[in-house]
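Take a look at the structure set out below.
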Amino acid sequence: MEQIVSVGIVDSYFKKLKENLTVDVAIVGGGPSGMVAAYYLARQGFKVSVYERKLAPGGGMWGGAMMFNEIVIQKEALPILDELNISYKHYDKDYYTLDSVHATSALIYHATQAGATFFNCTSVEDVVFLDNKVSGVVLNWAPVHREKMHVDPLVIMAKAVIDGTGHDCDIARILERKNNIQLLTASGKVEGERSLSIDEAERTTIENTKEIYPGLYVSGMASNGVSGGFRMGPIFGGMLLSGKKVANLIADNLNK
Ligand code: 48H
């Protein structure tokens, strides 16, 4: 019995890891935009893996606003909630409220159920840069980073990589810092996130969701961080719509 449990876990984990050493799409960050992208891409049959450095995927969605665990969604994002069978209540005008724990767990469930493979407790610390294209991610255990241990990483090859790392836009910053390249932004560099302006931020989140360098796409708050967009506080429609947009962009490019 003792051996069955341990060997079962080791066998299954390494099978999963081995099967995902090469994927179609590597998504960095299991926040709402990354999970929606994972759902739509996996549902279309793409091989998708999501790397999340925390124990639980979900990013900034669990905590609502100041830990009041409700979030707001505008009507444009309702079709995504309906498709994923996520409950919401009308609040006022075009705005709806959702229980953040229900919504976050539903995104995790649907992304995994659609076939995306999650690797939690893993940090992406670099990208694979081949022939001037982002061609994969460089992985390590999150505790290795936290403890500042000098341990070399593993490599995952991918046809497309999504930076869904939220406010930090970690992957775009690493790509820019380490390689003498121009991103698809006004200055060619990471512009940095601006202060709060809800309507503007929700609109530009979608506009800023794009391929910023061959092979590297940005979604969610990382899109705003890279292109100099505003923040919007605990309204999440833009995050969900951004996840869907990036999935469509990648699907179109990979199906060409
Ligand atoms: C592995 C990593 C790494 C790394 C980070 O921040 P998120 O929730 O992402 P989004 O953009 O889908 O959603 C943003 C939203 O939650 C939010 O913060 C909003 C709407 N803010 C508005 C405002 O005004 O404040 O999730 C990103 C995830 C997190 O879980 C990180 O742990 C993870 O990415 N992550 N995972 N390797 N290098 N960097």
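Sequential numbering from 1, following the chain as shown.
Even glycines carry a Cβ here, placed using N, Cα and C.
TrEMBL names E52, R53, G60, V124, H150, V151, D152, M221 for binding NAD(+). Of S33, S105, S135, S227, the residue it gives for the same site is S33. Between the alpha carbons (Cα) of H167 (Fe cation binding site) and R231 (glycine binding site) lies a span of roughly 9 Å.
Neighbour density around each Cβ, counted as other Cβ atoms within 10 Å, peaks among the binding-site residues R53, H167, R231 at R53. Reduced to three states, the DSSP call for R53 (NAD(+) binding site) is coil. Each of the binding-site residues V124, V151, M221 was ranked by the number of other C-beta atoms within 10 Å, and first place falls to M221. Across the residues annotated as binding NAD(+) (S33, E52, R53, G60, V124, H150, V151, D152, M221), the two Cα atoms farthest apart lie 31 Å from each other.
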